[in-house]
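> As annotated in Swiss-Prot:
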BINDING   HIS180, HIS202, HIS211  Cu cation A binding site
BINDING   HIS363, HIS367, HIS390  Cu cation B binding site
CARBOHYD  ASN86  N-linked glycosylation site
CARBOHYD  ASN230  N-linked glycosylation site
CARBOHYD  ASN290  N-linked glycosylation site
CARBOHYD  ASN337  N-linked glycosylation site
CARBOHYD  ASN371  N-linked glycosylation site
SIGNAL    1-17  signal peptide
TOPO_DOM  19-473  topological domain 'Lumenal, melanosome'
TOPO_DOM  495-530  topological domain 'Cytoplasmic'
TRANSMEM  474-494  transmembrane segment
Amino acid sequence: MLLAALYCLLWSFRTSAGHFPRACASSKSLTEKECCPPWAGDGSPCGRLSGRGSCQDVILSTAPLGPQFPFTGVDDRESWPSIFYNRTCQCFSNFMGFNCGSCKFGFRGPRCTERRLLVRRNIFDLSVPEKNKFLAYLTLAKHTTSPDYVIPTGTYGQMNHGTTPLFNDVSVYDLFVWMHYYVSRDTLLGDSEVWRDIDFAHEAPGFLPWHRLFLLLWEQEIQKLTGDENFTIPYWDWRDAENCDVCTDEYMGGRNPANPNLLSPASFFSSWQIVCSRLEEYNSRQALCNGTSEGPLLRNPGNHDKARTPRLPSSADVEFCLSLTQYESGSMDKAANFSFRNTLEGFADPVTGIADASQSSMHNALHIYMNGTMSQVPGSANDPIFLLHHAFVDSIFEQWLRKYHPLQDVYPEANAPIGHNRESYMVPFIPLYRNGDFFISSKDXGYDYSYLQDSEPDIFQDYIKPYLEQAQRIWPWLIGAAVVGSVLTAVLGGLTSLLCRRKRNQLPEEKQPLLMEKEDYHNLMYQSHL
């Protein structure tokens, strides 16, 4: 009944975030390299007549890149989105969207002036109706074609530079699976050759801001699809977990008793078909994923390579990550040491902070542990546990931001791997967002986490803690300095007093001080003339 009711709401709401807007998938838009669709409210491009935005040239960052990608002009994702479009909508004030038809995160209302703060909650804190609604929303998104977005099934070159558009419809859920595939896929070099050392959303500084935006857009899509403006993605707090406690039919799907690699027939997700999971096949054909179904969702939690991932992350691991003061370091990739980002992502040891190519920990550990569809980066978003997992990873990122209050320039401006500089536009989003745009507190984007709200009184203490620790380290020096200072002050005071007394005794009467010494002052009698 709930699912049927949700379907009835579908065409009452329009989506506003994703990859290629349907309105910009024509040969005219591609050959003119312009994506400035009209806003339905006034019929003008980008809602210009209503002051919502205007069509403007895309200004690309010229900051130098790291050495990881030695090519130029071979990948459609380079200098995003310039291969496809060099003019897009630039929205004003709190407006957002490919046609400036929606509001920035954290705002709502007809003029996007009303602030709002949504709260992401632990999935185990949801009531049964709330949990069932969440599962139904995911199922609806999986089976509803995106009204506003399509996915390209060929490169720009394969489209004859835009004259022969190649696009397919895709469901709301699979749109995000496709985006995660597209951002992390290998570069196609021709003749079955590929370049693998490239990823516009992982293994570099943009990992956390990119996934922050990704979840916000996914959340927003489901809000608009269902008409539930208060929907938020729940999180799974996997600290100290001994097994996959969300892997039950009540939640994200239990194990199939007949085949441990499949989900239980009683699960919401056992009938789901996955997409974009066959990277090597696409590479051999020099093709892109076209959204075709590729079989059932696979998951066999715990039966993974335990030499690479001995256990799930602990509370101590998380605390160590949060103790790392540097967001990024060194080469700014998966070899970075003492980098908060690299340690949280799982390429560095959460005990030492040293990069270790033989181990997968923290964020990576959960992907490996699931031992199935979620364990391969490009297609990992097929598994809905991806949402719960990345919501919790994002909450750890939020803890770090609140602890250190970094300025924007803490995020690297230059020399990061391709696509990861601060001013680089994030692939493959249209409208456009820069990496640095989401190096901000979640509250600035209109959401919070329930368990961080509970610890709100400790935020001030966290803020001053580094200063208190510094004061504690220099306390012995301060005491010693105070003692020496007191002795010097007493000696100098005595010498000054002695010199002043001698000088006073030598002064003529008219230059004697009006007040006498303390012992003489007490001998004076106030005499009245009355």
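Using the three backbone atoms N, Cα and C, a Cβ is placed for every residue, glycine included.
Note that the structure is predicted; figures quoted are calculated from it, not measured.
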> Does DSSP give HIS390 (Cu cation B binding site) helix, strand or coil?
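Going by the DSSP assignment, HIS390 (Cu cation B binding site) falls within a helical segment, counted as helix.
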> Can you tell which of the glycosylation sites (ASN86, ASN230, ASN290, ASN337, ASN371) has the fewest other C-beta atoms within 10 angstroms of its C-beta?
ASN230
> Rounded to an integer, what is the Cα-Cα distance in Å between ASN290 (N-linked glycosylation site) and HIS367 (Cu cation B binding site)?
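Counting only the Cα atoms, the answer is 24 Å.
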> Going by DSSP, give the three-state secondary structure for HIS180 (Cu cation A binding site).
helix
> Which state, by DSSP, holds HIS363 (Cu cation B binding site): helix, strand or coil?
helix
> Given the recorded Cu cation A site (HIS180, HIS202, HIS211), which additional residues of the same chain have their Cβ within 8 Å of the Cβ centre, ordered by sequence?
VAL183, SER184, ALA201, PHE207, TRP210, PHE214, VAL377, ALA381, HIS390
> Excluding near sequence neighbours, so keeping only residues 6 or more apart in the same chain, what lies with its CB under 8 A of HIS363 (Cu cation B binding site)?
LEU344, GLU345, GLY346, HIS389, VAL393
> How big is the gap, in Å, between the Cα of ASN230 (N-linked glycosylation site) and that of HIS202 (Cu cation A binding site), rounded to a whole number?
29
> C-alpha of ASN86 (N-linked glycosylation site) to C-alpha of HIS390 (Cu cation B binding site): distance in Å?
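One finds 32 Å between the Cα atoms of these residues.
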> Using all protein chains in view, find how many other C-beta atoms are within 10 Å of the C-beta of HIS202 (Cu cation A binding site).
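If we count other Cβ atoms within 10 Å of HIS202 (Cu cation A binding site), we arrive at 22.
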> What is the number of other Cβ atoms found within 10 Å of the Cβ of HIS390 (Cu cation B binding site)?
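Result for HIS390 (Cu cation B binding site): 23 neighbouring Cβ atoms inside 10 Å.
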